[in-house]
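J.: I am attaching a structure below and will ask some questions about it afterwards.
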């Protein structure tokens, strides 16, 4: 029987680094963010849905989604956030389910990286849930450095996500990413060996 492990965390918690280590260890990982980017590409299902909802002002000069502008429009307004979630979640869920079902045919163990795994109620999809955990202050610092956000912008982004401390109770494994890369890699390799 196939074992499916959900990988989650928060913005700037280090999920991408963890995913890279898992892939380098020979495991397949479905990355929800990559799925979303494909769906938002010109002509994709999310592209069409967002264009119908918000109009052509969300496009750049090449007709692609202007992601910073789209993000600003959605995060600036709580009603837009709700509408965006409702609009996008069913399309994303369908595509993730399709990819999950395909991997079930070929893999004994695989991972699905979903940032909002708990919030969007994907829990029942998984045999285990691994949480990439980082302290809030470190998360803020990483987000400000990575995205060139002010502290206020970073705090606003974090305020729209479930705190990582609240996600701990859902996790089968907590990957502590407050240390260095070597320590992180050791934790992951140890967990993978126990599968």
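All positions are counted from 1 along the displayed chain.
Each Cβ is built from the backbone N, Cα and C atoms, and glycine gets one as well.
Small disclaimer: the values here were computed from a predicted structure and weren't measured.
Straight from Swiss-Prot, here's the annotation block:
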DOMAIN    4-195  domain 'DPCK'
BINDING   12, 13, 14, 15, 16, 17  ATP binding site
J.: When you average the Cβ positions of 12, 13, 14, 15, 16, 17 for the ATP site, which other residues in that chain have a Cβ within 8 Å of that mean position?
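T.: Not counting the recorded site residues, we get 9, 18, 132, 134, 142, 177.
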J.: Within 10 Å of the Cβ of residue 17 (ATP binding site), how many other Cβ atoms can you find? Include all protein chains, please.
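T.: Cβ-Cβ neighbours of residue 17 (ATP binding site) within 10 Å number 15.
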J.: Mind giving me a neighbour count for residue 16 (ATP binding site)? Other Cβ atoms within 10 Å of its Cβ, every protein chain shown.
T.: 14
J.: Same-chain residues six or more away whose CB lies under 8 A from the CB of residue 15 (ATP binding site)?
T.: 7, 8, 9, 113, 115, 132
